[in-house]
Amino acid sequence: MAELFYDDDADLSIIQNRKVAVLGYGSQGHAHALSLRDSGVDVRVGLHEGSKSRAKAEEQGLRVTAPAEAVQEADVIMVLVPDPIQAKVYEESIAPHLKDGDALFFGHGLNIRYDFIKPPASVDVCMVAPKGPGHLVRRQYEEGRGVPCIAAVEQDASKSAFALALSYAKAIGGTRAGVIKTTFTEETETDLFGEQAVLCGGTASLVKAGFDTLVEAGYQPEIAYFECLHELKLIVDLMYEGGLEKMRWSVSETAEWGDYVSGPRIINDQTRAEMKKILGEIQDGTFANNWMAEYKAGLPKYSEYKKADEDSLLATTGEKLRNLMSWVDEDK
Ligand code: NAD
Ligand code: MG
Ligand code: MG
Ligand code: MG
Ligand code: MG
C-alpha cells in the first residue's frame, strides 16, 4: 500500500529557508509560485524575454527574472516549462548555473526518466506533482485545503531530499490533502500509460468509434454526438465521485446490464494485449524517443492528426450543438 504524508509529517521551515526559482508560469507554475509566496517562501519566477506570462506574474506581485538569473539566485529550481522544451531550458539556463547542494524539482518525471536531462551527482533531484490542474491547486490552497500530490526523489545528494520535497508540497497545500511517495519511473510510466490508454487516447478513440458506428448505420450525427460524447461527462462525474459503484447505482438497470455484457466485448483480449504493447513501448523508451523526434521535426504528424480530427463530422457536429447549450464552456 502507498505511503501517505500529511501536514504533521512535513516541516515548512525547510523550504522557507531556501530560495526557490519557479521556471514557467502556466497551469502549474502560477499555482506553485503564488502558494509558495503565500507560505512565506522566497520565490522568483523565471521566464524568457517576451513571455506572455511575464506581465501576469508581475501583476500578481511576483518578481520575474530571466530563467538563468532565477537559477543563479535560487537553490531550489522547480522546472514547470512544457516537457518537450525542458531539456533545452536545462542546457541553456539551468546547467551552467547549478551549484553543489542545489535541488532540481520537477512536476513530471519524463525528462529524468528517459535521461533527456542528466543532472550532476551533487544536486538533489525531486518531484512534487499535484494530482490536479494548476488552477484547482491554487484555488484549493486559497480555500485552506489542498490537492493531493505525489512526491519522489531520484537523487538524494543532500541525504534529506525527501524532507525538502515534503516541505515544498506543504507550501503548496499538498500535505493538507495527503502526499503519496512514488518514484520518477512509476510516475512517468503510469502517467504516460494512463493518458494514452485510458484518459485521452482510449476515451477519444472510443467516442470516435461509437459516433462513427451510429452515423454509418444511418442515425443522425446530432443524436450520435449526444449519446457518445456529451453524456460521457455525466458518467465520468459519477465515477469521480464514487467509482464505478456510484455510476452503476445511478444509471438504469438496463444500462448497467449492458455495461456488464457489452463492455468486455469492446475492451477485449486484443485490446488488453495492445495495452500491454503500449506499456512496453513506454517502459523501453520507444514512445518518449519518438515523441521527442516528432517535436524536434516541427510536429508534422501531430499537426496532421490534429487537423484530421478538427475537420471531422464529430467536431463540426459538436461545434453546432454546443452553441445550443448556453451553460457549456461559458468563457470560450
Ligand atoms: P503550461 O504549458 O501551462 O505552462 C508552461 C509555461 O512555461 C508557460 O508559462 C510558458 O510561458 C513557459 N515557458 C515556455 N517556454 C519557456 C522558456 N523557454 N523558459 C521559461 N519559461 C517558458 O505547462 P504546465 O501544464 O503547467 O506543465 C508544466 C509541468 O507540470 C510539466 O512538466 C507537466 O507535465 C507538469 N504537470 C502539469 C499538470 C497540469 O495539470 N497541467 C499536472 C501535473 C504536472
Ligand atoms: Mg543558484
Ligand atoms: Mg497524469
Ligand atoms: Mg501527462
Ligand atoms: Mg442514454
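Counting begins at 1 with the first residue displayed.
For all residues, glycine too, the Cβ spot is worked out from N, Cα and C.
What TrEMBL lists as domain 'KARI N-terminal Rossmann' is 2-182. The annotation domain 'KARI C-terminal knotted' is assigned in TrEMBL to 183-328. The Mg(2+) 1 binding site annotation in TrEMBL covers Asp191, Glu195. Residues or ranges marked as Mg(2+) 2 binding site in TrEMBL: Asp191, Glu227, Glu231. What TrEMBL records for Ser252 is substrate binding site.
All features noted in TrEMBL, drawn onto the structure.
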residue : record                 : contacts (Cβ under 8 Å, 6+ apart)
Asp191  : Mg(2+) 1 binding site  : His108, Gly109
Glu195  : Mg(2+) 1 binding site  : Gly201
Glu227  : Mg(2+) 2 binding site  : Gly210, Leu214
Glu231  : Mg(2+) 2 binding site  : none
Ser252  : substrate binding site : none
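Mapped onto three states, the DSSP output places Glu231 (Mg(2+) 2 binding site) in coil. Proximity of the binding-site residues (Asp191, Glu227, Glu231) to ligand 3: a Cβ under 6 Å from the molecule is found for Asp191. Proximity of the binding-site residues Asp191, Glu227, Glu231, Ser252 to ligand 4, judged by a Cβ distance under 6 angstroms to any of its atoms, singles out Asp191 in sequence order. Classification of Glu195 (Mg(2+) 1 binding site) by DSSP places it within a helix. Per DSSP, the domain 'KARI C-terminal knotted' (183-328) is made up of 122 helix, 0 strand, 24 coil.
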